[in-house]
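Single-structure report; data block below.
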Amino acid sequence: MANVVVVGSQWGDEGKGKIVDWLSERADVIVRYQGGHNAGHTLVIDGVSYKLSLLPSGLVRGKLSVIGNGVVVDPHHFVAEVEKLRGQGIDVTPDVLRVAENAPLILSIHRELDAMREGSNSGLKIGTTKRGIGPAYEDKVGRRAIRVIDLTEPETLRPKVERLLAHHNSLRRGMGLEEIAVETILTELTSVADQILPYIDQVWRVLDERRKAGARILFEGAQGALLDNDHGTYPFVTSSNTVAGQAAAGSGLGPTAIGYVLGITKAYTTRVGEGPFPTELNDEIGEFLGTKGHEFGVVTGRKRRCGWFDAVIVRQTVRTSGINGIALTKLDVLDGLEEIKICVAYELDGKRIDYLPSSMGAQARVKPIYETLPGWSETTAGARSWNDLPAQAVKYVRHIEELIGAPVAMLSTSPEREDTILVTDPFHD
């Protein structure tokens, strides 16, 4: 019985929410292992929509859900999201939700710093959600973060906050901002401590025990591999590692526990925020994809940039994340197009290349090299078997498999979880 890592293979927004929900019914434990509440996803169950950005998707199924140490946790958002789910009739208790005691916290100073940097006229605009994710990770690697476990030790919390503010207040002075008092942060933390502490645990131990007992573990990735801090389109990336390897480091369960990596892949390409996007379409086709695909961010509401499927970046992600198979989503959005293009390579300074270069300058200069395939007039929406798909749609899917070097394990044809074609069960050894 394999444990499964779900990772976005593009720039996020690939439709991971539905696939994770589909898989969570087969899983015993669902784990968030990176990111924060900056990337949202929507689950539709029995006609009810659940919008999550921090809590694992398994909660709506009553499965044990874990927030790993690789996640940065905004405690106030945590409480608000828990209460929102309870308001929708979901039972959220420590029996079904655990938070890593060594997870770092996002504080108000992180959110304010994030917004100040992004709103500045100087420097590079990355397109962050301004939710404090980046500054919180900075404090983590700077060894000055306040972690969840620190809330259990009030006697040592003050000196930790003092050390944290020694850094942040120096930044604030340089930006012309008023300094933050220690009492302000202490009050912020103590006001929410009683509401988050019942959920904390040594999640590495919990996961190890469940694995040894034969539980199926699903690792739920956020965002996409092209936003990875190392392997993405740097500096237009997020502040954590989003490739599949982070599932081990961000949960405390060793890499040998990972059995199958499923890459969630949209049948076309989208991106939110700034950064290179070789196949972006600023024309009526781009508008068609955005409108039909409802391409607006769950967290920010920002309109997503849209373009043709880019086999180069997905092929690269297949390698950097060790993807065994992909779940191809939103195929139905392409219904009705007379022809469909796929980017098979790039041209860089007159030369053909089959990879996305690392430098920002080169990424901005690459030009897509396309193959054109005939589209289809029939609908794929709601298809639940290969026989339900138009012949040209099947050819499109098969060609994607050839180009990226990975098979399609699942195919999604609508937001409804039942409209899914299963080719390979990721949980099956």
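Including glycine, each Cβ sits where the backbone N, Cα and C put it.
According to Swiss-Prot, the GTP binding site annotation covers 12-18, 40-42, ARG304, 330-332, 412-414. The number of other CB atoms found within 10 A of the CB of THR42 (GTP binding site), across every protein chain shown, is 15. DSSP gives THR42 (GTP binding site) a strand state.
Around the Cβ of GLY40 (Mg(2+) binding site), the number of neighbouring Cβ atoms within 10 Å comes to 17. What Swiss-Prot records for ASP13, GLY40 is Mg(2+) binding site.
All protein chains shown were included, and the count of other CB atoms within 10 Å of the CB of ASN38 (IMP binding site) stands at 27. Summarising the annotation, Swiss-Prot assigns IMP binding site to ASP13, GLU14, GLY15, LYS16, ASN38, ALA39, GLY40, HIS41, THR129, ARG143, GLN223, THR238, ARG302.
Per Swiss-Prot, the feature active site, proton acceptor maps to ASP13; the stated evidence is sequence analysis. Cβ neighbours within 10 Å of ASP13 (Mg(2+) binding site), excluding its own Cβ and spanning all shown chains: 27.
Residues or ranges marked as active site, proton donor in Swiss-Prot: HIS41.
For VAL298, VAL299, THR300, GLY301, ARG302, LYS303, ARG304, the entry in Swiss-Prot reads substrate binding site, with the evidence type sequence analysis. Around the Cβ of ARG302 (IMP binding site), the number of neighbouring Cβ atoms within 10 Å comes to 13. DSSP assigns ARG302 (IMP binding site) to coil in the three-state reduction, outside any helix or strand.
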Seminar exercise, completed: A correct count of other C-beta atoms within 10 Å of the C-beta of LEU331 (GTP binding site) gives 24
Exercise. If you count the C-beta atoms lying within 10 Å of each candidate's C-beta, which of the recorded positions LYS18, HIS41, LYS303, ARG304 ends up with the smallest number?
Worked result: LYS303
Exercise. Taking ARG304 (substrate binding site) as the reference, which of ASN38, THR42, THR129, THR413 (the binding-site residues) have a CA within 10 A of its CA?
Worked result: none
Seminar exercise, completed: Cα of ARG302 (IMP binding site) to Cα of HIS41 (active site, proton donor), in Å and rounded, measures 14
Problem set entry | Spatially closest candidate among LYS18, LYS303, LEU331, THR413, the listed binding-site residues, to GLY40 (Mg(2+) binding site) (Cα to Cα) | LYS18
For this session: Filter the recorded positions ASN38, HIS41, THR129, GLN223 down to those whose C-alpha lies within 10 angstroms of the C-alpha of LYS18 (GTP binding site); answer none if the list is empty.
Result: HIS41
